[in-house]
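Q: First the structure, which I've put down as structure tokens, then a few questions once you've had a look.
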């Protein structure tokens, strides 16, 4: 099992290009099954999560070809193999996004309950609620969701989500694009990845309105055609490099970003006394010689502060003088990285959904292990900050969401190697 070995104490300087968005890519690849013709996607990140979903889709009969470094072609099958294999699905939470497209396009689905990161309970009930309202007949049998359409196809309906779940919003939206009549989804997630999925579906002939607001309206169409589409940049990868630059007191220009997607993080970094300069498609972090200030953070659904950046900010704040507080409002088990940071000398107390961070003068490199994707990213940042050498185990979690992270960081002046 691979590990990363980091020699700390090297400020990051230079330029880095941000890859395509992991979470958008996974949804769009599932959504491509709805199209009857070839779909070409650009700005696809070469990460393990993408390769797993492509393997799952391939075993179901789709034809997938890489056309370039970040461009791929996907042609969905006329008849799908009904079952998504457990040995692949168990590795990837986003595999649940196959349910909506498979039921809408093929009228049947058999998807094992998915895996992914260990960051708390993420139930499927909201997904099921919307799909059943559209006309799906779902059952849970031996750890798999088995589904079919009750009639010839889905019928438009009205769905209210009790929580603005990203996955449920995506699944219901994809299922509804081929439904007969209008579907209205209320209290939806508003993340940029939701908007990207809607734009992608519309480019194939769907009629989705309202993505990015509290209410999405979908007028069903008989079929989706093929097309070519470029995925948005990954705001969480961008945010991770922004925090890494601040943590090492560096000077980094991030290219291929959408600054408005990062406004919650940029605001908090400015509050912490980090200079953030926004361009049209770039962000410049200037942190050389700064005296960082302690801050408080509450994670919230977009456009609030993203839960996916909470662990990285915990790493940064661990050496900021004073008391910082992080309140996690999305997942109930996302402070696991605190124990690993404490192994490096951090002073962090976790009380339920709140973490209290008392800044220490420095972190000391040691052996740590990642418990999930963003915890792994936080430990990479901690290793860059720390004195001495840090060895990070279970690095496969980091590979799930970051394309060539050690190459990009080394290009900025870090000293990282994989062993």
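Cβ atoms here come from the backbone N, Cα and C positions, even for glycine.
The structure displayed is predicted, hence computed values, not measured ones.
Straight from TrEMBL, here's the annotation block:
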- 7-409: domain 'Enolpyruvate transferase' (DOMAIN)
- 22, 23: phosphoenolpyruvate binding site (BINDING)
- 93, 122, 123, 124, 125, 126, 308, 330: UDP-N-acetyl-alpha-D-glucosamine binding site (BINDING)
- 117: 2-(S-cysteinyl)pyruvic acid O-phosphothioketal (MOD_RES)
- 117: active site, proton donor (ACT_SITE)
Q: Looking only at 125, 308, the binding-site residues on record, which one has the least crowded Cβ, with the fewest other Cβ atoms within 10 Å?
A: 125
Q: Using C-alpha atoms only, work out the spacing between residue 23 (phosphoenolpyruvate binding site) and residue 308 (UDP-N-acetyl-alpha-D-glucosamine binding site) and round it to an integer in Å.
A: 11
Q: Can you grab the distance from residue 330 (UDP-N-acetyl-alpha-D-glucosamine binding site) over to residue 22 (phosphoenolpyruvate binding site)? Cα atoms, rounded to a whole Å.
A: 19
Q: Using other CB atoms within 10 angstroms as the count, which residue among the binding-site residues 22, 93 scores least?
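A: Each of the binding-site residues 22, 93 was scored; lowest Cβ tally within 10 Å is 93.
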Q: Quick one: pull the CA-CA distance for residue 125 (UDP-N-acetyl-alpha-D-glucosamine binding site) versus residue 22 (phosphoenolpyruvate binding site), whole Å only.
A: 24
Q: Cβ distance under 8 Å to residue 126 (UDP-N-acetyl-alpha-D-glucosamine binding site), same chain, sequence separation 6 or more: which residues?
A: 161, 162, 163, 165, 167, 168
Q: Round to a whole number and give the Cα-to-Cα distance in Å for the pair residue 93 (UDP-N-acetyl-alpha-D-glucosamine binding site) and residue 22 (phosphoenolpyruvate binding site).
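A: Between the alpha carbons of residue 93 (UDP-N-acetyl-alpha-D-glucosamine binding site) and residue 22 (phosphoenolpyruvate binding site) there are 12 Å.
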Q: Measuring CB to CB from residue 124 (UDP-N-acetyl-alpha-D-glucosamine binding site), give everything in the same chain under 8 Å that is also at least six residues away in sequence.
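A: Sequence-distant Cβ neighbours: 96, 113, 145.
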Q: How far is it from residue 308 (UDP-N-acetyl-alpha-D-glucosamine binding site) to residue 22 (phosphoenolpyruvate binding site), counting Cα to Cα, in Å?
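A: Counting only the Cα atoms, the answer is 12 Å.
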Q: Under DSSP, is residue 23 (phosphoenolpyruvate binding site) part of a helix or a strand, or is it coil?
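A: SS state of residue 23 (phosphoenolpyruvate binding site) = helix.
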Q: Drop a 10 Å sphere on every Cβ of the binding-site residues 23, 330 and tell me which sphere holds the fewest other Cβ atoms.
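A: Output over binding-site residues 23, 330: least Cβ neighbours within 10 Å is 330.
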